[in-house]
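This is the structure I want to talk about, given as structure tokens.
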Amino acid sequence: MPTFPHYINFFNLGPHITTIQLNTTPPTLAIYIVNQDWIHPRCNKHRSYLKVLKIVMANLLVIVLVIHQVMASGYRMGANGLDMNYYLMVGCPLVEPVVKNIVNRALQHDPTLAAALIRMHFHDCFIQGCDGSILIDSTKDNTAEKDSPGNLSLRGYEVIDEIKDELERQCAGVVSCADILAMAARDAVFFAGGPIYDIPKGRKDGRRSKIEDTINLPFPTFNASELIKAFGQRGFSAQEMVALSGAHTLGVARCASFKNRLNQADPTLDSQFAKTLSRTCSSGDTTEQPFDATRNDFDNLYFNALVRKNGVLTSDQTLYASPLTRNIVNAYAFNQAMFFFDFQRAMVKMGLIDVKDESKGEVRQNCRRIL
């Protein structure tokens, strides 16, 4: 079971209502979240309202907890000189609204970009740290990270380019591509209905992007022990690994990444869902299968799918199949607010992996080219 600060209590009031209670000063705040399954199936309008209410309540919890933590610790500065207000301090105050507006506009045009931007940020941070190296184009003398087989399906580069172009017009040579990618991923989470959180800024862009470094990415065939080891090498606990895996509440997987599960009987795979995956793969390796029923909505249905043995990738279903992580999956499937809170904390932590300072990095004028 995940651990939470002493001032958080999660419990049920009957089968239909979950209470999240904050034992803080000022007095306790209680948030009540109604179970969406309680609504009659034909009441689609009420179900829609309830879904929005659950997202709002989950985000309210996150906001209260973050405020409480900041007030308790007085913490503002991040690692390696990063700062929540970095761009205000260096005289570029419109960075945040520019990023938010362009990401919002992009997601309104194509909601699937939310998953793409979050995945790009993850693939950036897990290779040489959060330094924008995933954005570099290959040259005749160097094959870059983005052309690795595991990165060929990444997309959303044009969103980062648009943000960078606008920020260069406003304050040239100030905003790093690494920060832009981290902020874009954060805002993609929010605009898809996920938790609200902020990140420290001031990262510098890396000067290396090589295909051979991508061997460090977790594979979709990893089991729970391999995932725990891979994430542990970057300072994450098993709980944080499961929380970050919850980003698969958004997006799809291509048949090539899960067809190995269909070649022989997989006891961790529901038989009916196996037929669904087989039908998907009948159209070819590039055919896409959503991770859960709401591919563009940030919620906890991914974890509910794992409980039903409807995980798409081996690395998804192993989280429930393994006793090392099953209780965490059950907890997140049961409480969306719990997942939201842990996810935003893990994302902030991920954004601090091996960040570059001025001595080891730069601010690129073009995110696709090293200066």
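The backbone N, Cα and C atoms fix where each Cβ goes, and this holds for glycine too.
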Looking only at C92, C125, C255, which is named in TrEMBL as the disulfide mate of C171?
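If we follow TrEMBL, the cysteine bonded to C171 turns out to be C92.
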TrEMBL pairs C177 with one of C43, C367 in a disulfide bond, so which one is it?
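So the cysteine paired with C177 in TrEMBL is C367.
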Going by C-alpha positions, which of the binding-site residues (D131, P218, T249, D292, T294) is nearest C177 (disulfide bond)?
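Closest by Cα distance to C177 (disulfide bond) among the binding-site residues D131, P218, T249, D292, T294: D131.
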Would you count the other CB atoms within 10 A of the CB of D292 (Ca(2+) 2 binding site), including those on all shown protein chains?
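Cβ-Cβ neighbours of D292 (Ca(2+) 2 binding site) within 10 Å number 22.
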Grab the pLDDT values for the domain 'Plant heme peroxidase family profile' (81-371) and give me their mean, rounded.
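That stretch averages a pLDDT of 96.
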Among all the protein chains here, how many other CB atoms are within 10 A of the CB of D299 (Ca(2+) 2 binding site)?
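Result for D299 (Ca(2+) 2 binding site): 24 other Cβ atoms within 10 Å.
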Between P218 (substrate binding site) and D131 (Ca(2+) 1 binding site), how far is it from one CA atom to the other, in Å?
18
CB neighbours of C281 (disulfide bond) within 10 A?
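Taking every protein chain into account, the count is 18.
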Looking at the recorded positions C92, R119, C255, T294, D299, which has the shortest Cα distance to D131 (Ca(2+) 1 binding site)?
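Nearest by Cα distance to D131 (Ca(2+) 1 binding site): R119.
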